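The feature Zn(2+) binding site is assigned by TrEMBL to HIS469, HIS473, GLU492. Annotated compositional bias 'Low complexity' per TrEMBL: 107-116, in sequence order. Residues annotated as domain 'Aminopeptidase N-like N-terminal' in TrEMBL: 184-369. The feature domain 'Peptidase M1 membrane alanine aminopeptidase' is assigned by TrEMBL to 398-618. Taken from TrEMBL, the feature domain 'ERAP1-like C-terminal' covers 698-1006. Annotated transmembrane segment per TrEMBL: 122-142, in sequence order.
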Amino acid sequence: MRLQVAFVFRENNNSLYRANLPRNMIENSMFEEEPDVVDLAKDSTAFPVLLYEVVYEPRSSRLLVRGLGENEMDEDEEDCESSARLLGMSFMNRSSAHRSTSSPYTRQSPPRSCSRPSARTLVVCVLFLVIVVSMTMVLYFLPECTFTKSGCRKQTTPAEPVYPISTNGEMFPWAQLRLPQSIQPLSYELTLNPDLDKMTFTGTTVITMTVRHDTKRIVLHSANLNITKATFKLGDGKATDVTVLEYKPRQQIAVKFSEELKAGQQCVLTLNYSANLSHTYDGFYNSSYSDKDGNKRVLAATQFEPLSARKAFPCFDEPSFKATFQIKISRKPDYMTLSNMPKAKTTSLPSGLQLDEFEKTSVKMSTYLVAFVVANFTPISKNVSVYSVPEKKEHTEYALDTACKLLEFYNSFFEIVYPLKKLDLVAIPDFLAGAMENWGLITFRETSLLVGKQSSLLEKQVVASVIAHELAHQWFGNLVTMSWWNDLWLNEGFATYMQYMSLQTVLPKLDIGNLFLDVRFRALEKDALNSSHAVSTEVNTPEQVEEMFDSVSYEKGASILLMLNASLPGDQQFRKGIIQYLNQFSGLNTDTDNLWNSLTQVDVSTQHQNVSEMMSSWTSQKGFPLVTVDRKGDQVTLTQEHFLLTSDNATHTSSLWHIPVTYINDTCSLAPDCKQVFTLKTKSGKTYSCQSWVLIKWLKLNHGNTGFYIVHYGDDGWAALIDALINNVNVLTPEDRASLIHNMFALSRQVLSLLNYMTNETETPPVTEALLQLNNIYRLLDKRQETDFVSRMKVRILSYFGSLMRNQTWDEEISVSKQELRSALLETACNLNVDSCIRQAKALFKKYVESNGTAHIPGDLQRVVFTVAAQSEESWSTLLEKYSKVSYDAEKRKMLQGLASTQDTRILKEGLQGNIIQTQELPLVINTVSSSFSGYLFAWDFIQENWNQLIEKFPVGSFSIQKIIKSTTSQFSTQAHLNQVQGFFSSLKERGSQMRSVQEALETIRLNQRWMDRNLPSFNEWL
């Protein structure tokens, strides 16, 4: 999937397993360091100042900084006095009237004598008087002005906006990123004429609009389009030619009018244009593949989310400007076209081309959901159609069957029938994202849609997850759409939640719960960074829009919905709320408050809960809480605080969450009705008393890890839980055991004691979580070349899991959960060079090669087998040859990971060139190269040397760029590497220096550095 989260570690200033540690890592001395001191006069770019890094100073500290002492004064008065001092003036001189005139230290008056002043003195006096009078007049005539450090901030007359200059030298009539609201598009008629030989296209866009407010301008979007002709028609009047102004930095065009367009009028703007097909992965772009005879076949497809519809046709390219669309596309006779709606008719043109005309969309939709494809694809159909290149038609059956089942489920669950006449799923050979939810024409990367006949259930789980996600978007995102990208989570968080919830019902054999648990753990790790952001956060630039597509919008959004559903009474409360939300806002745009209000309105239970009040605390602020449990006799006290992995430059706020706390205890821990729920709203603590609690041995909070928070139980509480697990591993569910492991590593508490129980653990969630955390530490040690620690760490890991590793088979496994467990165990074993694992992997690869690919390697074992084989130069070459011939994409991708796991860095250059290896796979290649000891420095050098090419292929801030940055920096742990990373990204300026992912990278390196510098001595004792 698209999530790639860097893993960071908390540290202990004495020992990895020492008990007496403070409650929160904010207070932990192992994360304290002297602040970096920067000479801003020498290096103003070393630490770019970001809006979200501004820290509030208490009033007393501000007064002290300004040299005014600690005297309280009115805020405006304070600002005015400080500003006046900056101007060199004595402000109001309030104390002068009270000065003593009889002081013995009063300066003596000189003897009275009259002398004529010199000419210089007169000139100086006159100039002084002129300055004083001028400043007095300015202050007098400047109305209602409050001076601050930045000058006058309140005026009765707002400053005139500074309009930019368009490409023809005229003033462009708009000065903001967001479009004006004076014009609303009603419908688009698009005619597109792609030339796949020349890789160009021409188009005509006819936009029918209504005037919402009186205006003399129409402003819309256009990017890389050469507009050749423009006409405008008002009402029933005659169409006239108009001049189109363009301001390229904001990708905006405009038409100005001498007379105002009046509210309520309708008008039509017609634009003819030409452009090149994009060579990246957005807009209207070209793609290619090789057919069964080795011939190159070209095609064209679209990817418009978030800001690229404007690269295919001029439009109002913001989510709130919904309209209808009617599309016509010309093509060669041996091609076919697809769009959002069914084809209405085909007309033969004199040029020999054919013109396909599609029905007008039956719903209004945002521009980013428009889509069209020109290709030679083959479909299979039921009530849904799945398209692929002809050679891969046999790999589409699973997708078709899964899509039909999920469509039926969603129609029933939402009680709203899918509103379009058709639904197509299309596998695109070159496609950067996992998939895109275009309404009626969902596009996929081939690995996200196509499944071979011998595919494992784990591979089918991936495909089913993506299909479930995109189908959920047909309601959440398409039918009801966020108003602006700051609330992207309303689309992506809901679709992510529904993909897991729907598959648990529709395809329970896929055991999707383990995957959902894992992504919630990873989302917590990202959100524990100070560089994280609120679920709903301000978005003001295209780069910030791109950066919203991250695990906070997707996985955290899904996690808080799960938490809400788990806390509401009854099974149907949540469902009723979202059905009301969908019905109330069908066809409209919404924000987060609309959702919470809908869920609050349907809460008719006796335990009425204000959902809006509770959930706004989870979407309006970044991070999540640490809940601390303090048990004393029959009393339990709970407190909450903001959990941060680091206090570096932290924005210290009084963060407070309304936490639906769930808990179980030793008297009832496994049955569903054991769970109890209450809400923690206070920060300082809430005490609960119950005489029966004296007899309770332990409490486990956050049952099933359905809540988005972590828990600290105190030394006695942790010890009781660990003793319980050592005595009976099944006293808690696998999800609760995994939750304890995750929390303990996050808090760096009693890890040694915890891991002692792992020798009895056989379930997938706790084993895979423990392996992930230990492997992260192992890789950091390996990258630091701490060879002694690495060898002893290997012994320690094998002591916990060696027996379980030896018990794994290398044959087909039918259980998804067991496939996940086996894959994690054997990949770890082979990475640690366990002889038996290496031998088995080599034997499987040899058999595979000798059979010419007919001997099947189980899907969950392919990556480990190909990785082991690639370490031999001869086998690497064999694997590369197989890679070029294999048609099944999931297998091909695992081969690529094997090829990228070695010192042979040719794979990086091949990925950038896009010949043997598709450029869409370059982020995966970089991630794999970075994981190995031999490749991580090569990968870092590679992105520095090729940064400009990378951001040409992948937009600044995009998920791909986020993944590349994280992959190449997350395992650095030295000051030298920190300086390198900081210096490189600071030098980029507008080419990437301000990205949030850069701040995350720097923060992660500091965390790794401290963990290593402060924990290695105690870690040595543990090993």
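Heads up, the Cβ atoms here are built off N, Cα and C, so glycines get one too.
Here the domain 'ERAP1-like C-terminal' (698-1006) has a mean pLDDT of 92 out of 100. Taking the binding-site residues HIS469, HIS473 in turn, the residue surrounded by the fewest other Cβ atoms inside 10 Å of its Cβ turns out to be HIS473. Close to the recorded Zn(2+) site, the chain also has GLU437, GLU470, ALA472, PHE476, GLY477, ASN491, PHE494, ALA495, THR496, MET498, GLN499, TYR554: residues not among HIS469, HIS473, GLU492 whose Cβ is within 8 Å of the site's Cβ mean position. Using a 10 Å Cβ-Cβ cutoff, GLU492 (Zn(2+) binding site) registers 27 neighbours.
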